Amino acid sequence: MFLQRSAVAVARRAVATPILRRSIATTAVRRNIVPDQPKIKTLKDVKTEDDLVGPGARPGTVPTDAEQATGLERLEILGKMEGVDVFDMRPLDASRLGTLENPIMVRSAGDEQFAGCTGCPADSHEVHWCMMTRDRPVERCTECGSVYKMEYIGPQDDHHDHHPHNPHGLEEPKTFADFVKPEYW
């Protein structure tokens, strides 16, 4: 009697295994091969903004970055494919301290540019961000005194400026450079 009860208890606790271990459903992968897929342009083929639009993915496939990227991202990808650093992402010269006579040059195609100073030698202080503009191209780090100068390389007649620089007549905020005597420069 005891054995009958324990056999029933074990049967209740046992995991029921299905008769079929695999499902009957199957998956089919459909591949469409389109021989007329346009080739990806190279960097030298880019002449206008319209050339910076990717060909897109073939039907039924997931696009790669090279196929779907547009605009500046596409320009950067095309440059990387050919080994060209389109945006010149090299770090700034941190082997010396910039001075007013020999500042560390920062190239910019826009109206303003930020530069992160980590001191001289590199990483001697936390990053301090210096903002330079076309109107005020020279900036000095408040921690180490290194001088940075923005070199504007963009078009001289830039039509992206829809508003005047000071539309409300507000005074530009003062910085420490406004209070230094001219003979100290």
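Quick reminder: no glycine exception, Cβ is built from N, Cα and C everywhere.
Feature annotations, reproduced from TrEMBL:
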type    : residues                       : note
BINDING : Cys117, His125, Cys141, Cys144 : Zn(2+) binding site
Non-site residues, in chain order, whose CB comes within 8 A of the mean position of the CB atoms of Cys117, His125, Cys141, Cys144 at Zn(2+): Thr118, Gly119, Cys120, Ser124, His128, Thr142, Glu143, Gly145, Ser146
Long-range Cβ environment of Cys141 (Zn(2+) binding site), under 8 Å and at least 6 residues apart: Cys117, Gly119, His128, Cys130, Val147, Tyr148
Winner by Cβ contact number (other Cβ atoms within 10 Å) across the binding-site residues Cys117, Cys144: Cys117
Which same-chain residues, if any, lie at least 6 apart from His125 (Zn(2+) binding site) yet have Cβ under 8 Å of it: Cys117, Thr118, Gly119, Glu143, Cys144
